[in-house]
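According to TrEMBL:
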| type | residues | note |
| --- | --- | --- |
| DOMAIN | 44-486 | domain 'Major facilitator superfamily (MFS) profile' |
| TRANSMEM | 41-63 | transmembrane segment |
| TRANSMEM | 83-105 | transmembrane segment |
| TRANSMEM | 117-138 | transmembrane segment |
| TRANSMEM | 172-190 | transmembrane segment |
| TRANSMEM | 196-217 | transmembrane segment |
| TRANSMEM | 279-301 | transmembrane segment |
| TRANSMEM | 343-365 | transmembrane segment |
| TRANSMEM | 392-419 | transmembrane segment |
| TRANSMEM | 431-452 | transmembrane segment |
| TRANSMEM | 464-482 | transmembrane segment |
Amino acid sequence: MERGDRQPLVRKPSSSYRTFPESAARRLDKEYLRSLRNKRLYLAVFASVLGNFSFGFALVYPSPVIPALEAHPSPALRLDQHTAPWFGSVFTLGAAAGGLSTMLLNDCLGRKLSIMFSALPSALGYALLAGAQGLWMLLLGRVLTGYAGGVTSASIPVYISEISHPGVRGMLGACPQIMAVLGSLVLYALGLVLDWRWLAVAGEVPVLAMVLLLCFMPNSPRFLLSQGKEEEALGSLCWLRGQDTDYAREYEQIKDSLRKQSRRVSCAELKDPFLYKPLLIAVGMRFLQQLSGVTCILVYLQPIFKRTSVILKPEYDAALVGLVRLSAVAIAAVSMDKAGRKILLFVSAGVMLVSNLTMGLYIHFVPASHNGTVANATLASSANLPAEPTNYITLIPLLATMFFIMGYAMGWGPITWLLMSEILPLKARGVASGLCVVVSWLTAFTLTQFFLPVMNAFGLEVPFLFFTVISAGNILFTGCCVPETKGRSLEQIEAFFRTGRRSFLR
């Protein structure tokens, strides 16, 4: 054999590592590259994340609508200091109910059908908002769109993680957050030109597109195998990876991992670190993510800007913040599989800490004549305050909010969802992801419901200083509890929690 034809020696894995034949290193061979370039995988991801687009659109719907409804001529639709917080927060109650139901839907219908099911309450909710004749229709519409958002929040990250190739799972795992951010940005932009009823009509478009595209997409191979549908699972993986790749080898790895797991989680198994450790990490991250204040800031973004009298009109400020948020999530998606999850989480929490602290100190020390704050004024009354800036120092709230959103979108936004779907074991993934969503949105409801009363009683700086303390806790939690999953297969991550051996994550 000529020197140029000599093949490199590949060390065979020992029998003691049979759990993961491919865990030693990821080989960038032709089959690997071909599987990364298979366009069908990206089409399936795009079809599913349209649900996140609708979720992001619906989440921030109150931002431009609350000021409009506070000045509505009809008493039946006019919001006041008591009804405005409910209109902003009741969405999160629906999302919590959606996450709770997904604990059953994910394992009964499957990930894809659960996402498609969310289109029904979403379409009905937007229809109620568009044709609302009374407050009850507004609130019910918000609950239904929230319920749909809870279902998609729990189903889409799991679906994407289970169909994605390990080499691009970080990038694709950030897509739900990107699309949610894009949905919010589109809402802010359309809010500049459309009436609040037509905004609801526009929300129907991505819902219908999602259902149509998902009809042609495969279900998750891991879910199909867990249901005993081996031929269908193999066909699904072939469609996602491409016929000219060694998809059969990945299929056997998934199948081997499933053999080691029972079909359902028993109460006794909850004492197993293999289950409770990733569950506590996932729930803790969702809890801290919401305590950082992101939902409050997004839902009440325009009213907050009215309160602080920033240099631009609140609706333009909101659109600008949405654009910054989208750019930051795109940066995170590109760098997640290169820099790693933990470093982005550290940077994200640090930026949020500085931004919240800046906002809190600004509101506390800048005189009311500069920041537009009126003591003990309600949000409804502050909406009528003049938004004319008295000093360029009023740029500080806008910049602080932009940096907060940018920091959140770089790490604690997309990575929290991605890690939830990565570290939860397959046998508990459907139930546990639903539990994470329930915890997340119940926390969000509590914050959005009490944000305005706390602001009116103690001042706007108090919530932001509280968010600062939580951001410091995010840094500690990341350093002590969060594992690095960059480039690891789902089976390797499960082996790490089962054995406690960090060699599976190196």
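Backbone N, Cα and C define each Cβ position, glycine as well.
Caution: TrEMBL annotation is automatic and unverified by curators.
The transmembrane segment (172-190) makes contact with the transmembrane segment (392-419): 3 or more of their CB pairs lie within 8 A, with pairs spaced 6 or more apart in sequence. By number of Cβ pairs under 8 Å, the transmembrane segment (279-301) is matched best by 431-452 from the list 83-105, 392-419, 431-452. Residues 87-88, 91, 112, 115, 118-119, 122, 125-126, 129, 142, 145-146, 148-149, 152-153, 155-156, 159-160, 163-165, 168, 172, 175-184, 186-188, 191, 199-200, 202-203, 206-207, 209-210, 213-214, 216-218, 240-241, 295, 298-303, 318, 322 of the same chain sit 6 or more residues outside the transmembrane segment (41-63) yet have a Cβ under 8 Å from a Cβ within it. Of the Cβ pairs linking the transmembrane segment (431-452) with the transmembrane segment (343-365) and spaced 6 or more residues apart, fewer than 3 are under 8 Å, so the two regions do not touch. Residues 58-59, 61-62, 65-66, 69-70, 113-114, 117-118, 121, 135, 138-139, 142-155, 295, 299-300, 379-380, 430-431, 433-438, 440-442, 444-445, 448-449, 451-453 of the same chain sit 6 or more residues outside the transmembrane segment (83-105) yet have a Cβ under 8 Å from a Cβ within it. Here the transmembrane segment (117-138) has Cβ contacts under 8 Å with residues 51, 54, 58, 61, 69, 76-77, 83, 87, 98, 105, 109, 144-149, 151-152, 155, 196-198, 200-201, 203-204, 207-208, 210-211 of the same chain, all six or more residues outside its ends.
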